[in-house]
Amino acid sequence: MGTGIAQVAAMKGLDVILCDSHSGALERSVINTERYFKRSVAKEKLTQEDAEAAARRISASSDLQALEPADFVIEAINEDESSKKAAFLLLDQIVKPEAILASNTSSISITRIAAVTKRNSQVVGMHFMNPVPVMPLVEIIRGIATSDEVFQTAKALSEHLGKTVCLSLDRPGFIVNRILMPMVNEAFYTLMEGVGTAEDIDKGMKLGTNHPMGPLQLADFIGLDTCLSIMRVLHGGTGDPKYRPCPLLVQYVDAGWLGKKVYKGVYTYAKPLN
Ligand SMILES: NC(=O)c1ccc[n+]([C@@H]2O[C@H](COP(=O)([O-])OP(=O)(O)OC[C@H]3O[C@@H](n4cnc5c(N)ncnc54)[C@H](O)[C@@H]3O)[C@@H](O)[C@H]2O)c1
């Protein structure tokens, strides 16, 4: 998700410092960005000149300290509350006092993430959709302490990036995943109980309800680890057993079958040649 956000921001004229603690992920991100800009030129969505200018606006580092000059940070690390809190604790010390810290979390409380910082009024949720260059929505989440000014800045930034905003209260799963993820989880129950094959479940939902892709294919695309984390946030945050994660989803994640990003999830994907 970080790669997609960086691509869109750079195309809209913003300087971007892309940061990932895993150098392999950073390399993949740079390669994917080069490919994306090339494809955009080939499809005549971007001129060669604009693609080169956008590429020049992105710098990459595996050291969080590189974010020191940033005015606005959008965190998009794994969907894990303790990792996000640890990252925000560090970011709070690294970036200048007036900088805004946003989280691309799909489900985790912005209020709790903000509470580890000394700038909780300057922390906001900006939930981009996947793939970021294609999907038109940013769901903005105000923590209990998020100021009006910071909300307005996050909204203006989203709109500058060409996105439409919806505003959600800071509740588990917010709006989009409160509704979407139980459907994905139910698709895993349907698969586990043998009601249909993966292909039939996806075909049924795609053609029968006019979704662009079936829920199991969507889960592979999102990342099964992310789907499971969101279900755990919904389950833990509401205490409602209707949100319990499907054991088959748990087992796939235990097996490391995390979806398209590792070429194996519900389905198997061919690895690119280079
Ligand atoms: N995948 C989706 O469809 C989707 C959609 C909307 C929002 N999100 C949210 O975006 C976030 C990222 O999801 P993703 O699918 O891109 O995950 P991902 O696993 O593909 O990428 C996460 C990246 O964060 C890096 N990372 C982990 N800890 C770090 C740290 N402390 N410092 C720096 N880098 C660190 C990892 O190396 C990895 O490259 C999550 O909060 C997720 O809920 C995901």
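Each residue's number is its place along the chain shown, starting with 1.
Just so it is clear, glycine is given a Cβ too, placed from its N, Cα and C backbone atoms.
Taken from TrEMBL as is:
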DOMAIN    1-165  domain '3-hydroxyacyl-CoA dehydrogenase NAD binding'
DOMAIN    173-269  domain '3-hydroxyacyl-CoA dehydrogenase C-terminal'
SITE      His127  site 'Important for catalytic activity'
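In terms of DSSP helix, strand and coil, the domain '3-hydroxyacyl-CoA dehydrogenase C-terminal' (173-269) has 66 helix, 3 strand, 28 coil. Taken as a whole, the domain '3-hydroxyacyl-CoA dehydrogenase NAD binding' (1-165) shows an average pLDDT of 97 in this prediction.
Cβ neighbour count for His127 (site 'Important for catalytic activity') (all protein chains, 10 Å cutoff from its Cβ): 23.
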